[in-house]
Amino acid sequence: GFRSFVWTAVSYQLKDRLKLSPSASQFVFSVSFFPWSIKPIYGILSDCIPIKGKKRIPYLVISTVMSLVPWLILGINASTRSSIWHLMILLTLQNLGSAMADVVVDAMIAEAVRFEKASFAGDLQSLSWLSMAFGGVCGSLLGGYALTNLEIDIIFLLFSILPAIQLFSCGLVEESSMGGEVLSDFCISSDSHHLNGKANDLDEDSSLEKKSNVSARKRKKSQKKSKKTQLTRRKAQTLSPGKGKSLPLLWFQSLKYATYNLCHAFKQPMILSLANVCPHFMWGRLSSLTIETEFLKLEASFLGTVRVIGWLGLMLGTFTYNQYLKKMKLRRILALTHIGLAFLNLFDVILVSRTNVAFGVSDKTLVLCGSALSDAVNQFKFMPFLILSGQLCPPGIEGTLFALFMSINNFGSTVGSFVGAGLASILNISSGSFDNLLLGINIQLFCTFIPVVLLFLIPKEATGIA
């Protein structure tokens, strides 16, 4: 959450120092945040390829170093801050480290959710997001002050203290060591589950056949099951570390079966429904910073306040959902959420059309209300996504499946950013040219309803926690 301290400064570096157009700035942000769209890669690596017998801590250390070094370089070397390409590369590397660390933490939460009761799952996710929101409040408060009183390089160096603390905290996290035997056990159990699952499917199918064919089918299935059991035992012997098989081979087998389990999990109707409905695609998302600073002429200190209000709204939305909405039907939650978001997007239409001025409502009041309410309402959609995906993670691929869910959501935002940059370019929306801004906002409002047409994919009886 505290990342808001520095990313507002990055936005101003692109807009004021490098003099980039809104579409160019949006392109830089889209590329820089692309690592958040490929989180399953980090998930499957941490799930299947332990480093020195550990799955989480080594990856947490590596990712934290990748998060730390770019800010130090940007703070010390002025030429990297002045070059668009150098800045974009370093920001992408930094996001790569942050995304990987996020996957590791999500995997640890998913493991805890899977082993605990369903009612506790909502509390754990809520605690996680409330903690992040608290960090966001602190980062936004201090970020607005820092942007007004400090140079950009000093802000980058100050923020590098945070990943440095995170690197130190890696030594406080306990994780039991695992050896090659665990890898082979994972592969063998996955293979056995695969084969036995098919055998069980055959058993279920046989009950629907005519009674005259039952005995013949049972004999055939018994023979097949016997052969499959022998095959499983041979594979167990092949994968056994004692038989001289190399560790890379065990890694390959682990990756192979994790990929199978991931594909098998996605065939479940509920997981497939979440993957299709929950991502927040905004096909035409325009740069809010450009609108707030160039069109509305809002100062940096006020924008820091806006972000604080937004984080407080997120905290309010998280608490409200966990207390009152988590047992509501999921279809209803998502439908009401999108209607609420569409209503709140009207705030942008009112601001751009200057209707609020005619009624004596200030821009700042409308921006503050819109920020708080939109973050709160959007959290009603995101919380069931987090809780259910954590519960549905199969054993052994917690990081992979949860990361895949999150990357689908992040990919939706990335696509929205790219399309928004293209839309701004097509409509000739740039600094000092806002003639078509109202049209762009209306297109964004229309796109809010796109996920609503997919709500039929959600099972009718599904709730926000089960």
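Residue numbering: from 1, along the chain as shown.
Placed from the backbone N, Cα and C atoms, the Cβ positions cover glycine too.
Whatever TrEMBL says is automated annotation, not expert-curated.
Database features (TrEMBL):
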- 216-236: compositional bias 'Basic residues' (COMPBIAS)
- 199-241: region 'Disordered' (REGION)
- 27-45: transmembrane segment (TRANSMEM)
- 57-78: transmembrane segment (TRANSMEM)
- 84-105: transmembrane segment (TRANSMEM)
- 126-148: transmembrane segment (TRANSMEM)
- 302-321: transmembrane segment (TRANSMEM)
- 333-352: transmembrane segment (TRANSMEM)
- 411-431: transmembrane segment (TRANSMEM)
- 437-458: transmembrane segment (TRANSMEM)
Run the contact check on the transmembrane segment (437-458) against the transmembrane segment (27-45): 3 or more C-beta pairs under 8 Å, excluding pairs closer than 6 in sequence. no
The answer for the transmembrane segment (27-45), taking Cβ pairs under 8 Å and residues 6+ beyond its ends, is 14, 20, 59, 63, 84, 87-88, 91-92, 94-96, 98-100, 102-104, 107, 255, 258-259, 262, 397, 399-404, 406-407, 410-411, 413-414, 417-418, 421
With Cβ-Cβ distances below 8 Å as the criterion, list the same-chain residues six or more beyond the ends of the transmembrane segment (84-105) that contact it, or say none. 3, 10, 13-14, 18, 20, 28, 31-36, 38-39, 42-43, 46, 56, 59-60, 62-71, 73-74, 163, 166, 399, 402-403, 406
